[in-house]
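Would you mind keeping the following structure in view while I ask a few things?
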Amino acid sequence: MAIDPGSIFSKLGAFTSDHDSVVSMNLFVALLCACIVIGHLLEENRWMNESITALAIGLCTGVVILLTTGGKSSHLLVFSEDLFFIYLLPPIIFNAGFQVKKKQFFRNFMTIMLFGAVGTLISFGIISSGAKYIFEVFNFHQLDIGDYLAIGAIFSATDSVCTLQVLNQDETPLLYSLVFGEGVVNDATSVVLFNAIQSFDLSHINSSIALQFAGNFLYLFILSTLLGVLTGLLSAYIIRKLYFGRHSTDREVALMILMAYMSYMLAELFYLSGILTVFFCGIVMSHYTWHNVTESSRVTTKHTFATLSFVAEIFIFLYVGMDALDIERWRVVSNSPKISLQFSSILLGLVLIGRAAFVFLLSFLSNLTKKSAHEKVNIRQQVIIWWAGLMRGAVSMALAYNKFALSETKDRKNAFMITSTITVVLFSTVVFGLMTKPLIRLLLPSPKHLVRMASSEPTSPKSFIVPLLGNGQATESNQSVPRPSSLRMLLTTPTNTVHYYWRKFDNGFMRPVFGGRGFVPFVPGSPTDRSNHQWQ
């Protein structure tokens, strides 16, 4: 029996039958496979990367579906912020924490937090206030203060995937660490800001509400981080004590995966930030839990988390491409294309200004605290960091849907905001993304001058063996950071001082309780010192 594609693609809310659902899923999986194959073939291309490839395939697929359905739909699947936040985002963020080079991340922790948290707040303030002022100049008075603040949070969320695909973390460890760390903290801060905005009545804002808002933001930020750390430690303790690998490596792999996902869902259950929770859970699990499992389980979990993250990223960009051609919402704004274009241009300009306002200022402040020249962020690296955060992606889309998608086809204001978000995401990803490789090659033509900055930390999975907060100069030898003899040394070398006390606490209490590197189970075939050295 022949299948009418129009009857499949024209359904926006639900599939007509189980068979239609199967057909749509098959087509979507086939598109995912095409994205992987084409992305591989274009890997060495000067302009393209997998994110842009998936976006382009999504756009082309949307055009085909529009033609097939007579202009009724451009979807194979229906976008849902629940689908994004519950199923697609957790593996991406967890893998970021699990694979992060902890030595570089924590060595630059203060700079990363400056860019990711303080910088996001600066960008949030500029975009929100700028949008309110400019939209009112254009006599658009349909938005309230809560909408403007939501716009600031939505367009403060960066997507640095394109830049990270080009940067080499071994050749440019400082730059990669800053871009990577800032991207994760930025997304978490944006989502926490957005959730805080949604929970307050901001129609009559005053100093009391502002203080409550700030307190709620800090509450979400701190508790989310602590929940991630506690969940990671719990997984390490359970696996160390019970040691599932003596009977089945499948059990310990399954437990790691489920505990990682549970950390995210617990954060959502308690209305915290799942992004922050699952990110720090990934860091803790890579430092303790990963070393408590068998060698085969280490390899399995490393590649499992990386694969899930990879597929989720392609899925998101592929769908964003198709969703950009949603004909229903474009019809609402079709009689005012000039206003829609003005909205998108204003928001894009505010993104550029908001990003530049904090990157160069905070880089200058960060450089004042650095004594060594190779630890400072030079002007070329600042430009790349600024550029890396100009792209907007799936997080912005999901937040925009969460805020403005309700009755969007009936509400002109919501339709304008959704279409403007789509336009900014497409333009920034395609235009800025295409120019990322040439820009980096222009500003960093040769990695030779960065060799001295290269960390001695090996690449994954060896990076998991390196202790937290290494000083970046010595490998895993018996060298230790000298104990500070005075408050002056604490102020002049804070990283080494924190490293010294952390290593002392970690070796004296944390590892005996939670395992980690050096943990030797009493079961034959378990991780041993010999197998640890094999990874080094």
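Including glycine, each Cβ sits where the backbone N, Cα and C put it.
Okay, these came from TrEMBL:
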DOMAIN    30-440  domain 'Cation/H+ exchanger transmembrane'
TRANSMEM  22-42  transmembrane segment
TRANSMEM  54-71  transmembrane segment
TRANSMEM  83-100  transmembrane segment
TRANSMEM  112-135  transmembrane segment
TRANSMEM  217-239  transmembrane segment
TRANSMEM  260-285  transmembrane segment
TRANSMEM  305-325  transmembrane segment
TRANSMEM  346-364  transmembrane segment
TRANSMEM  384-402  transmembrane segment
TRANSMEM  414-435  transmembrane segment
By a Cβ-Cβ criterion of under 8 Å, what residues six or more beyond either terminus of the transmembrane segment (54-71) are in contact with it?
5-6, 9-10, 31, 34-35, 38-39, 313-314, 317-325, 327, 426, 429-430
Pairs 6 or more apart in sequence, C-beta under 8 angstroms, 3 or more of them: is that satisfied by the transmembrane segment (346-364) and the transmembrane segment (260-285)?
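Contact between the transmembrane segment (346-364) and the transmembrane segment (260-285): absent.
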May I ask for the residues of the chain that lie six or more residues beyond the transmembrane segment (112-135) and have a Cβ under 8 Å from a Cβ within it?
105, 141, 143, 145, 148-149, 151-153, 155-156, 177-178, 181-186, 188-190, 193, 221, 343, 346-347, 350-351, 353-355, 357-359, 362, 365-366, 385
Which range wins on Cβ pairs under 8 Å with the transmembrane segment (260-285): 83-100, 217-239, 384-402, 414-435?
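The stretch I would name here is 217-239.
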Cβ pairs under 8 Å with the transmembrane segment (83-100): which stretch of 22-42, 217-239, 305-325, 384-402, 414-435 has the most?
305-325
Please indicate, using numbers and ranges, the residues of the same chain that are 6 or more beyond the transmembrane segment (384-402) and have a C-beta under 8 Å from a C-beta there.
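Same-chain contacts beyond the flanks: 51, 79, 81, 84-85, 88-89, 115, 150, 153-155, 157-164, 175, 178-179, 182-183, 186-187, 190-191, 194, 316-317, 320, 323, 351-352, 355-356, 359-360, 363, 377, 417-418, 421-422, 424-425, 428-429, 432-433, 436, 439-440, 443-444.
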